[in-house]
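*Asks:* Here's a structure for you.
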């Protein structure tokens, strides 16, 4: 997918990886970049507008833990204004295994709810034009960081959901792929809590190993958007972009 002249909704587009990715996206010249985030950041929005004044950058406050009905209501405002949306990026995430319910609500249920809401506008069974979804998951969806099992499981769930969305594309007209960053230098990983304090130094220990910058991750994210491969499981780690082959151990047969 060429980003130029497209209408893009980016949930959590002002976060660590999110903001750098938003910067790279506006450089590629979309028609509209609509950022949905929990906390407004006027300085960041102004910066994005300045990077490419030809791009219309707008912000709406949004908490992914709201109901599908509330999400649909906000999306209707956006669709009424833009008429069409080409790409939805679901990027909300928290890393704090003290907050069990919120971790699941943000990292998994939030992705499901926002995706479910946009189907009201995209699903070809309802006369919609289809669309593309990029879900930010994590390499912990492949193999857990076992000291943060709640976070890791929430990302594995989001990855499984995304893989199913891709298989449903012939029915819905909506394609999907996952973005799975490795350990990236953002505020998310500088300090966080392990489950039941099983490893108080988990953040410190992780950062002793090779990481990548959020800019490296963002640049590869844009490459994945441009590749636009339905069902792709992209690993963005150590500054590299790699498509993962998923091993099938069981099949429902339906």
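Every residue, even glycine, has its Cβ placed from backbone N, Cα and C.
Remember, predicted model here, so these are calculated numbers, not experimental data.
This is the feature table in Swiss-Prot:
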BINDING   10-33  NAD(+) binding site
BINDING   138  substrate binding site
ACT_SITE  151  active site, proton acceptor
*Asks:* If you count the C-beta atoms lying within 10 Å of each candidate's C-beta, which of the binding-site residues 22, 28, 138 ends up with the smallest number?
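*Replies:* Counting other Cβ atoms within 10 Å of each of the binding-site residues 22, 28, 138 gives the minimum at 28.
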*Asks:* Tell me which residues of the chain lie with their Cβ under 8 angstroms from that of residue 31 (NAD(+) binding site), as long as they are six or more apart in sequence?
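*Replies:* Listed in sequence order, they are 5, 6, 7, 55, 56.
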*Asks:* Have a look at the binding-site residues (13, 16) and report the one with the fewest Cβ neighbours inside 10 Å.
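*Replies:* Taking 13, 16 as the binding-site residues, the minimal 10 Å Cβ count falls on 16.
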*Asks:* Taking 10 A as the limit, how many CB atoms besides its own sit near the CB of the residue listed as 'active site, proton acceptor'?
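*Replies:* The answer is 28 other Cβ atoms.
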*Asks:* Round to a whole number and give the Cα-to-Cα distance in Å for the pair residue 22 (NAD(+) binding site) and residue 138 (substrate binding site).
*Replies:* 18
*Asks:* I want to check the contact list for residue 25 (NAD(+) binding site): same chain, sequence separation of six or more, C-beta distance under 8 angstroms. What comes out?
*Replies:* 3, 8, 10, 33, 222, 225
*Asks:* Tell me the Cβ neighbour count for residue 10 (NAD(+) binding site), meaning other Cβ atoms within 10 Å of its Cβ, over all protein chains shown.
*Replies:* 26
